[in-house]
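So that you can see what the record holds, here are the features copied from Swiss-Prot:
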- 8-282: domain 'tr-type G' (DOMAIN)
- 17-24, 81-85, 135-138: GTP binding site (BINDING)
């Protein structure tokens, strides 16, 4: 099967937004116009095409990024739908990693919202070019130019309108295209639009003013254009388009479009802008990887002739075909039935079938080419972030980084039958989502699940029930505390057991010191003269690493410390790896009295958006939760309070905020850093954990 669309006619895009900015509806409409859907599904009725998991349809939010293929004007557009809720930012990161460009959807009434900022930051980190679609222009209070100004004020983005709405709220009836200098009117809510017309007289001045500031903004990024502009020469439409494209691809400029996806206005123009301004796989820098043997950096060009390389960016369990692995092909081609190398795990994998996904239906294809996004059936060992490549020409592409979970919940199966099923279900869910972890507490035997927030874990439990038919009782959420040392000391660990016959002997001297925040555990071997033989060093390091997991104060993992092994002794007959492993863990226990261990708790960066009149109550509430208010600003007619609050104090905050603001307040939070727990509180936690 030959390539259907050339590389320069391929677009891999994501649609990113705040909750409720209308992202799923926008995606829906795109699929509708590109001929993939026959009846439009409304998110309000819970029947949207992209939101195909049952919980998404019930909650009306998008959780998993389904990858869909569509066609528009002879181009292939692969769309990755990304979730807008902060508990799912890993999904967003994971999809941004494999896209080439994105459409950021804003709500015309609120402009840039807290989650938009988070997602925007992530897109900037990955250098993703963006166009912006100001949606919901038909909504009461919609204000296009205000929304454009929020992009500049809150995100410091060089964003300029390339369209202007004709009318607003229920009078929104058309769109002026500032690039082509024409107007389109919509004749009904089904998106039937007039041919290009002249700009209405009452909009001429505004349109000209905005067009001039657009030309000025892109001319600043292009010297040739700047000269023409300064000399007062006419800048042609193709020149203007080329300059907007160049600025957008360099992530220096963001064109802003307008419309109402719900009322089918402006979506076709968004599709045109995707083709005009967002990159093809050949426009973005070729992906870099490293050779597994030599760690040498190599570049994989985005062509069909290059060796095959791809990144698995999502693993899902499908009710019909089992495990589905979504992957993005960066170079080369892959035929179904062939073998590939998973270079991240050094395993050989067979690709059974290759499917091209439409939100919830699929089409089997025989070959995928560079730049394509597809799903493979039959990969056994591949998980999110792994590289798949040619067996003869291996490479490891840079993987994705996932944040550590911050919240733990104990979970118990309701019956014996559920017990066995629960293990399988949790393993499959953890395979799909790298920010979800599951472990068994060795002392209590309880199963603990950890995730990014309460909603994240709610949905996991919900999926166990629905997809795996596992009934479980869920405990109260627990905070993932950590421990660390505040001072250093030299400590001895000695393990001797002589009881006739062969004994055990391990003896070490280790210097412990606090490490920088976030630097993790560092082990240094400073033994000279072989006082501890070389073969026992790994056992000493392993002994320390195992003991770190259970901490020294209250059983929480010990982080950010340095350990330097500088002395010790051994016995010719009695020493073995096990003895040194135990000696190392004894040294760590002995460090408790000398190294001033403290308890750390996750601090959340919280942003609360509330109407002015509730300001006093909310500030008081944050302070009562041991929070520090770090700033506030007016945003439209609302107030935004930014604060740092310990996660342990944020449980149930959603409910309390609702009751404090009559349901008008919203908040977002994400983990920022770890901070020492105040002494009185840490004593309580230690007591509770030691069961006193």
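Note that Cβ sites are derived from N, Cα and C of the backbone, with glycine treated the same way.
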Mean of pLDDT values spanning the domain 'tr-type G' (8-282): 81
Per DSSP, three-state class assigned to residue 17 (GTP binding site): strand
Cβ neighbours of residue 17 (GTP binding site) where a neighbour is any other Cβ within 10 Å: 27
